Amino acid sequence: MSEKVVLAYSGGLDTSAAVKWLQEKYGMDVIAVTIDVGNEKDFTLIKEKALKVGAKKAYVRDVRKEFAEDYIWKAIKANSMYEGVYPLATALARPLIAKVMVDIAMEEGATAIAHGCTGKGNDQVRFDVGINTLAPHLKIIAPARQWGMTREQTMEYAQKWGIPVPISVKNPFSIDENLWGRSIECGLLEDPWNEPIPEVFAWTRPVEATPDAPEYLEVEFEQGVPVAVNGEKLSPLALIQKVHDIAGLHGVGRIDHVENRLVGIKSREIYEAPAAVVLIAAHQALEAMTLSKSQLRFKQMVEATYSDIIYNGLWFSALRQDLDAFIESSQRFVSGTVRLKLSKGSFRVVGRKSPYSLYHKGMATYDKGDQFDPSSAVGFITLWGLQAKLQAQLQPILEEEKGNKS
């Protein structure tokens with residue numbers, strides 16, 4: 001009896017070709033697994049295609065709710081933005097996909113897991129590290145990393161075996177999408193000087209096609225988790241979709257970024273993430289009101305590390321769990337509502353309120369009702385500047401700090 005390999009199957013070029021290649025190269029029975037993390041795809045057709053191209057069995061697993069509650073919500077609490085720009089949509093989904101693949105491999109008694117990642121991308125690291133962490137006994141096969149074919153040659157290989165492919169040499173964009181965002185690469189986008197053509201975008205309107213009137217959006221949070229939009233309590237999936245639709249209508253969420261990949265190269269990436277950029281910005285605004293200065297400063301360091309952990313494929317690491325403990329604690333009082341104004345491809349926070357706000361109007365105002373005692377400032381300034389004053393008296397100041405008198 002042939003050994004079984006569980007293949008992460010998207011229905012695209014690489015994984016469709018991989019079904020036949022795995023059978024040819026290893027003589028294995030291929031079990032295709034397609035994971036729904038919010039992809040806008042016809043999963044019935046993908047399952048049928050997997051069987052048609054030679055898979056012995058095909059699974060479709062809907063994990064959207066788990067993705068939102070156990071991954072996206074954590075990313076919001078951590079304000080996760082790789083290099084301050086990318087909200088990590090693809091990177092966030094990979095550990096969940098790896099987990100489901102391992103679960104099915106165990107159920108099926110498979111000896112290997114295969115994926116369609118190339119040798120240049122980050123996803124190969126995310127899948128391999130995740131699988132090795134969860135099930136080190138399983139063999140990992142990456143056909144696109146091993147077969148040595150160019151994209152055009154892969155198309156020819158697929159056509160040779162009668163495998164339909166959804167792309168052409170003239171329009172060779174590689175697209176990945178889920179609840180949290182959409183990434184587009186390859187083709188003309190590989191030249192960072194080229195402006196993305198309109199066909200690259202699917203979720204966000206071009207500025208010239210957005211409404212002339214701005215739109216206000218209110219997002220309510222409970223302990224760091226978004227729970228309502230414009231006063232309406234929504235499920236996680238419905239809430240993300242609601243913000244996605246409103247932000248996309250106004251052209252919000254386009255990202256054009258030259259990114260430092262984990263494998264050591266720079267890559268030009270185009271992203272659409274309307275819900276992600278709006279919800280993270282709203283969350284940051286609420287934190288600015290409810291966390292102390294020292295909490296915010298320390299959390300910013302944690303956020304950078306947390307984002308790197310996600311990007312670098314270390315979701316299942318002990319460090320991520322440790323940082324989660326701090327982040328969860330920091331969200332105890334991050335409850336309230338943030339109002340945003342969206343218009344013509346941009347947005348900004350225009351209001352925020354919280355029962356746990358550390359903003360005290362009586363202390364901040366310069367008008368009637370001022371409760372701040374200005375006489376307290378004198379003693380504070382004396383003590384605050386004492387060390388700098390003493391050091392200047394006891395140690396010579398560098399000449400360049402004094403200014404060149406000659």
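Even glycines carry a Cβ here, placed using N, Cα and C.
Model, not experiment: these values are computed from the prediction.
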Can you pick which of Gly109, Gly116, Gly119 Swiss-Prot lists for the same ATP site as Ala8, Tyr9, Ser10, Gly11, Gly12, Leu13, Asp14, Thr15, Ser16? Gly116
Cα distance, Ser10 (ATP binding site) to Ser174 (L-citrulline binding site), nearest Å? 12
Same-chain residues at least 6 positions away from Arg126 (L-citrulline binding site) with a Cβ under 8 Å from its Cβ, in sequence order, are Ala91, Arg94, Pro95, Ala98, Gly313, Trp315
Collapsed DSSP category at Ser174 (L-citrulline binding site): strand
Same-chain, non-site residues whose Cβ lies within 8 A of the Thr118, Asn122, Asp123 Cβ center for L-aspartate are Cys117, Lys120, Gly121, Gln124, Val125, Arg126, Val263
Looking only at the binding-site residues Gly12, Asp14, Ser16, Asn122 (L-citrulline binding site) has its closest CA neighbour at Asp14
Name the one residue among Tyr86, Asp123, Ser183, Glu259, Tyr271 whose Cα is closest in three-dimensional space to that of Ser16 (ATP binding site); these are the binding-site residues. Asp123
